[in-house]
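According to TrEMBL:
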- 12-30: transmembrane segment (TRANSMEM)
- 51-70: transmembrane segment (TRANSMEM)
- 65-132: domain 'VTT' (DOMAIN)
- 76-101: transmembrane segment (TRANSMEM)
Amino acid sequence: MAFSWPSALRLAVGAALLTAAGVALFTLPVEKILKDFLVWIKENLGAWGPLVLALAYIPLTVLAVPASILTLGGGYLFGLPVGFVADSIGATIGATAAFLLGRTIGRPYVLSKCKDYPKFQAVAIAIQRSGFKDRVATTACTSTSI
């Protein structure tokens, strides 16, 4: 495998992000920060609170931070209907963002791991060619031949 600066830079940025996330996870009081954030929303934002809650949900979903405190807090602060809608919108947009990041940034890594598994490689090629319709057909073919 040849050395290239873009791949080295991508590897360095990924390692730095993972290190920062690991350090933050073990050193920061995440639960207290989230609780304080909910109190701040309640006391300062008024009608804008559900929107800010939904926007806060997005990076938490992308970073795979358990957002149960925000979910429960949203229902408590704004009532069940408004809290549910705010949490659902934020979680859906966050999941979409995580999917798109995995599909674009994480794709080369996943494809490099597929080299040792011909069935996964066939699925990846089918998805790359035609998207969803071939993936369903290829998955059906490979799962029946197992």
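Heads up, the Cβ atoms here are built off N, Cα and C, so glycines get one too.
Whatever TrEMBL says is automated annotation, not expert-curated.
According to DSSP, the secondary structure content of the domain 'VTT' (65-132) in residues is 60 helix, 0 strand, 8 coil. Long-range contacts of the transmembrane segment (76-101) within the same chain: residues 38, 41-42, 49-51, 53-62, 64, 67, 70, each at least 6 residues beyond the stretch ends and with a Cβ under 8 Å from a Cβ of the stretch. Mean model confidence for the domain 'VTT' (65-132) is a pLDDT of 82.
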